[in-house]
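Student: What follows is a single structure, and I will ask about it in a moment.
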Amino acid sequence: MFINRWLFSTNHKDIGTLYLLFGAWAGMVGTALSLLIRAELGQPGTLIGDDQIYNVIVTAHAFIMIFFMVMPIMIGGFGNWLVPLMIGAPDMAFPRMNNMSFWLLPPSFLLLLASSTIEAGAGTGWTVYPPLAGNLAHAGASVDLAIFSLHLAGISSILGAINFITTIINMKPPAMSQYQTPLFVWSVMITAVLLLLSLPVLAAGITMLLTDRNLNTTFFDPAGGGDPILYQHLFWFFGHPEVYILILPGFGMISHIVTYYSGKKEPFGYMGMVWAMMSIGFLGFIVWAHHMFTVGLDVDTRAYFTSATMIIAIPTGVKVFSWLATLHGGNIKWSPAMLWALGFIFLFTIGGLTGIVLANSSLDIVLHDTYYVVAHFHYVLSMGAVFAIMGGFVHWFPLFTGYMLNDMWAKIHFFIMFVGVNLTFFPQHFLGLSGMPRRYSDYPDAYTMWNVVSSIGSFISLTAVILMVFIIWEAFASKREVLDVELTTTNIEWLYGCPPPYHTFEQPVFIKA
């Protein structure tokens with residue numbers, strides 16, 4: 001029974017739960033690695049000593065947080081749980097493929113961990129650029145294992161994307177138009193399209209790298225007429241849509257949370273929100289070379305990528321101001337989920353502003369590969385994606401489990417985390433502006449002060465993570481059951497109660513026009 005339920009599951013709720021648990025577990029591993037990084041950088045001089053090991057830790061931290069924490073939780077966990085409930089579908093379109101998507105991830109994770117434990121590990125950075133990732137600078141099987149890991153994670157995501165697109169287009173009730181689906185459903189569908197279009201390009205790039213390393217091809221080797229810059233184009237054609245894949249489901253969740261705790265029945269500017277997400281998805285594919293301003297692109301190429309990148313700020317701004325307009329005049333409830341959403345809006349906006357700075361190719365020449373870039377993408381990931389995940393988690397926790405979190409502790413957890421991440425990443429802007437480069441395990445004494453502050457911040461975040469584990473335990477131990485949910489008419493995922501029965505919407509739902 002246990003094996004049938006959890007290993008061979010075809011139920012979207014169970015698979016969503018598996019994704020959430022797997023993502024939480026991977027998140028702990030990724031957090032541990034990030035604390036190793038900050039411990040090394042907490043003072044001048046060496047702690048680990050070996051730069052190769054340091055870079056293996058940095059690389060693994062990135063891969064784990066992206067492919068095994070944010071994506072499984074946002075798309076696999078929240079997506080699986082909520083999308084069928086929100087559109088009134090009995091399950092996903094392909095329930096067994098759904099199960100396969102999940103079970104490809106643990107082997108993928110295992111391969112990634114294996115890549116660090118054999119030979120010297122893959123100390124390439126998450127971008128895996130040749131020639132550093134070639135078979136000379138990285139002899140041994142480490143990089144090959146990392147490539148296979150990416151292949152499995154990529155197949156998992158592509159299958160999941162097919163499943164979500166089919167489900168959302170095909171499994172709505174007959175009367176429901178695409179423009180009546182909730183914004184979270186839209187965000188997952190757009191994310192799925194991005195995955196479907198970008199991951200095959202990554203697969204091509206890393207497969208060419210694999211043959212370069214093992215079969216003596218020269219796709220990325222000038223000695224045989226290849227070009228390492230080709231790899232960068234292939235990687236970033238995936239890599240840039242990927243960062244929007246990481247944040248778009250978060251946008252959807254934030255829209256729901258802000259609407260709910262403002263006491264509104266709908267978000268401000270629904271169609272504008274949909275348009276903005278579609279625009280972001282489209283533009284995300286035509287800006288990839290802004291990651292390559294320092295590789296010698298033509299001046300008019302740089303001009304195009306600078307301006308195209310800045311255009312993305314427009315739909316993003318539409319979303320931010322629509323969230324603020326949703327808040328406006330609302331009956332605001334200061335719940336923990338609302339705090340996460342407000343923190344998201346504020347900090348994501350700051351991350352967006354530093355993104356506008358980096359979009360300028362002339363400025364980026366100076367800031368590329370400094371801690372300014374690290375600060376920028378951690379503001380949008382560590383405080384955008386993660387805050388959205390936390391907000392979604394505390395908002396939908398009663399739906400998933402039937403129990404309620406302790407309100408006061410959940411708020412305390414938010415404030416500890418808020419202080420921790422800001423203390424960790426705000427000083428990194430200063431380090432970057434004064435020229436501290438990324439991916440080095442040591443630095444000149446001049447950079448000591450802000451690195452100390454940053455490392456202290458990381459340990460404050462650690463206490464927040466530990467407190468979160470306790471808060472979840474406390475909720476299960478106290479068993480405070482959900483009495484009633486407000487606004488269920490406009491939030492149909494709550495209609496079946498908390499937690500909903502194993503099978504929901506077995507008869508089609510009828511929607512009043």
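Any Cβ shown, glycine's included, is placed from N, Cα and C.
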Student: Which of these, HIS240, HIS256, HIS328, does Swiss-Prot say binds Cu cation at the same site as HIS290, HIS291?
Tutor: HIS240
Student: Compare the membrane side that Swiss-Prot records for ASP91 with the one it records for TYR403, and say whether they match.
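Tutor: According to Swiss-Prot, which assigns topological domains, ASP91 and TYR403 fall on the same side of the membrane.
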Student: Please pick, from SER382, SER434, SER441, the residue that Swiss-Prot records in the Na(+) site together with GLU40, GLY45.
Tutor: SER441
Student: Using the Cβ center of HIS240, HIS290, HIS291 as the Cu cation site position, which other residues in that chain lie within 8 Å, going by their Cβ?
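Tutor: Residues close to the Cu cation site, other than HIS240, HIS290, HIS291: TRP236, GLY239, VAL287, TRP288, ALA289, MET292, PHE305, THR309.
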Student: Anything within 10 Å of HIS378 (Fe(II)-heme a binding site)? Look among the binding-site residues HIS240, HIS290, HIS291, HIS368, comparing CA atoms, and list what you find.
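Tutor: Neighbours among binding-site residues: none.
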Student: Along the topological domain 'Mitochondrial matrix' (262-269), what average pLDDT does this model show?
Tutor: 96
Student: Please indicate, using numbers and ranges, the residues of the same chain that are 6 or more beyond the topological domain 'Mitochondrial matrix' (87-94) and have a C-beta under 8 Å from a C-beta there.
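Tutor: Contacts with the topological domain 'Mitochondrial matrix' (87-94): 10-12, 80, 162-164, 166-168, 170-173, 176, 181, 185, 492, 503-506, 508-509.
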Student: Please report, as numbers and ranges, the same-chain residues at least 6 past the borders of the topological domain 'Mitochondrial intermembrane' (434-446) whose CB is under 8 Å from any CB of it.
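Tutor: For the topological domain 'Mitochondrial intermembrane' (434-446), the list is 40-41, 44-49, 51, 54-55, 58, 125, 369-371, 373-374.
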Student: Which residues, sitting 6 or more apart from HIS376 (heme a3 binding site) on the same chain, put a CB under 8 Å from its CB?
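Tutor: Expected: GLY351, THR354, GLY355, VAL357, LEU358.
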Student: Is the transmembrane segment (270-286) close to the transmembrane segment (183-212), in the sense of at least 3 CB pairs under 8 angstroms with a sequence gap of 6 or more?
Tutor: yes
